[in-house]
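Working notes, beginning with the structure itself.
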Amino acid sequence: MDREETRKNKLIKRESAVSMGTAIEQTSVDWRGRPCKPNKHGGMTAAIFVLCLQAFEMMGIAAVGNNLITYVFNEMHFPLSKSANIVTNFIGTVFLLSLFGGFLSDSYLGSFWTMLIFGFVELSGFILLAVQAHVPQLRPPKCDMMLSKGQCMEAKGYKAMIFFVALYLVALGSGSLKPNIISQGADQFKKDDSKQSKKLSTYFNFAYFAFCTGELVALTLLVWVQTHYGMDVGFGVSAAAMALGLISLLCGTVLYRNTPPRGSIFTPIAQVFVAAITKRKQICPSNLEMLHGSQFIVPQQNLSGMSSKGSTLIHTDKFRFLDKACIKIQDGSSTSESPWRLCTVSQVEQVKILISVVPIFACTIIFNTILAQLQTFSVQQGTTMNTRLAHNFKIPPASLQAIPYIMLIFLVPLYEIAFVPMTRKFTGKDSGITPLQRVGIGLFIATFSMVCAALVENKRRNHALNQNRTLSIFWIAPQFLIFGLSEMFTAVGLIEFFYKQSLEGMQSFLTAMTYCSYSFGFYLSSLLVSLVNKITSSSSSGSGGWLNDNDLNKDRLDLFYWLLAALSLVNFFNYLFCSRWYSYNPSLLPVAPLPEPQPQGHDPENPN
């Protein structure tokens, strides 16, 4: 009897350690709010419905975003510069709003209800765009912007209002959906369970495969529909794709494992900083037991021999000044301190994790700046090249963006089937290589994309100026292919990294940081172009700068690409430093399963 009680006490103590730690395991619930059953809820079966939403939503938003400038310029008659700003502001807003969607999901609504609500918001935006594109009274009179020399009537008043309302309904819906699609699918697997860790890594690869599939269909089939049947039909197809995605989401309702919201995710973080600043003059004790909420704390240096690190809160030595938020003031009174003056070690360790991931996030901004060039200047390169594939068929330069996705449709499954099992044998990691290693490989490869782009542009420019020849558009395909390969490593690795290092209640918000990196990358691209033009124009006598002319034969786009290649290489070495400095929080590592209960009368610690 004593032995049985001893075994139960050990289990209770272990469970208490988990609850006092980072709260890495929280009861998941079904759609009715009841605790989930392992054999009924979650798993890849449930994740498939989310992956379908990912593919269909990507089809709809990519078809609108990639061809939006055509509609804004030709149908709404905004000037070219203003049209370009409308498109870039729209794309940037989509990515920035992902932070709002992640916060709303983690704090108040949960991923499922956030996706459902904002999915219908995005659908309503698509429908409103289709209606406006179909009804002539909702658009300015028809006019050829290329021939009228600025005499076309620009959309104003209620016509412009309808357009911007529709456009930003799409942005609000898509931005709020993106991080929750990833986190909802990943929540179907227990990231702290070593048995499901392999499936979780597989899910992230499948999520990127769904993304590539949706993007490829949008860049080929849907853009072709818009070109041949009109933008109203194109917007309508985007609405139909979004509707199919929502139907897929609803079909999996009874199978989902849902993570309940936990209230504002920023309040506990703010409390740590306020308490640490308030007690900044205090001295951090060397004895961890003097910190508030340290009953089950294990120092990081005492991890050796632990069979299950994931079940215990690990105290880390980084950012020790934050530990001051856990110091108890001994003034002889029995009055407890306010949560804004005294925090638990668990809260502090959560904030330490958030601070630690910021440098990793920052290292991916240059990567997305390169992506912005491929979607702008590289496409402009294609317009100056020979686009003829056959006698009566020309390749639209914008369709070059489909090249990496065609490749990735084959590479992503190959990565999962061949590369991961092979590297797993050498590394022992469930995902073959760690997420940080995967991001690093992608950042390194991205440099060669810009090197290739610079060499091709130099060759194209020399042929145009010196030989009066036009190169085939296929010369710029390699830079898209190389970047597509780098994106397979960086994009998936970053999402996996943020999700696995996130704490319960913050998965969607941290996942949203991946999309926020896209936004910062595009904004940095605009800033970099302006800065380069300003510097090079002042240093070159009478010249307008590398990128100041509308004629690529007069610009020096090749030099700009070399600059980006250099920045990318410097960024890669900076990433090596940041990733070596970063250490995975042991509290978030997979949990080894508890040993099976021994038969009564047998004590594993005393076999005799």
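Glycine is treated like the rest: Cβ placed from N, Cα and C.
Those TrEMBL annotations? Automatic predictions, nothing curated.
Per TrEMBL, transmembrane segment is recorded for 42-64 (among others). Here the transmembrane segment (42-64) has long-range neighbours at 28, 36, 94, 115, 119, 122, 126, 129, 170, 174, 177, 181-182, 184-190, 199, 202-203, 206-207, 210-211, 213-215, 217-219, 222-223, 226, 234-235, 237-239, 241-242, 244-246, 248-249, 251-252, 255-257, meaning same-chain residues at least 6 beyond its ends whose C-beta is under 8 angstroms from one of its own.
The feature transmembrane segment is assigned by TrEMBL to 84-105 (among others).
Among the features that TrEMBL reports, transmembrane segment is placed at 112-131 (among others).
Remote same-chain residues near the transmembrane segment (160-182) are listed as 50, 53-54, 57, 61, 64, 76, 86, 90, 93-98, 100-102, 104-105, 111, 114-115, 118-126, 128-129, 132, 138, 207, 495, 499, 508-509, 511-512, 514-515 (criterion: CB distance under 8 Å, separation of at least six residues from the stretch ends). Positions annotated as transmembrane segment by TrEMBL: 160-182 (among others).
Feature annotation from TrEMBL assigns transmembrane segment to 203-225 (among others).
Feature annotation from TrEMBL assigns transmembrane segment to 237-256 (among others).
Taken from TrEMBL, the feature transmembrane segment applies to 353-378 (among others).
For 398-418 (among others), the entry in TrEMBL reads transmembrane segment. Sequence-distant contacts of the transmembrane segment (398-418) (same chain, six or more residues past either end, CB-CB distance under 8 Å): 66-67, 202, 205-206, 208-209, 212-213, 215-216, 219-220, 223, 374-375, 378-379, 382, 473, 476-477, 480-481, 483-485, 487-488.
The transmembrane segment feature in TrEMBL is assigned to 439-456 (among others).
Tertiary neighbourhood of the transmembrane segment (476-498): same-chain residues 182, 200-201, 204-205, 207-208, 357, 360-361, 364, 367, 370-371, 374, 378, 381-382, 385, 400-401, 403-405, 407-408, 411-412, 415, 431, 435-439, 441-446, 448-450, 452-453, 456, 510-511, 513-514, 517, selected by CB-CB distance under 8 Å and a gap of 6+ residues from either end. What TrEMBL lists as transmembrane segment is 476-498 (among others).
What TrEMBL records for 510-532 (among others) is transmembrane segment.
Taken from TrEMBL, the feature transmembrane segment applies to 559-577 (among others).
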- Recorded stretch that, among 84-105, 203-225, 439-456, 510-532, 559-577, has the most CB pairs under 8 Å to the transmembrane segment (353-378): 510-532
- Does the transmembrane segment (510-532) come near the transmembrane segment (84-105), with 3+ Cβ pairs under 8 Å (pairs 6 or more apart)? yes
- the transmembrane segment (237-256) and the transmembrane segment (84-105) contact flag, 3+ Cβ pairs under 8 angstroms: no
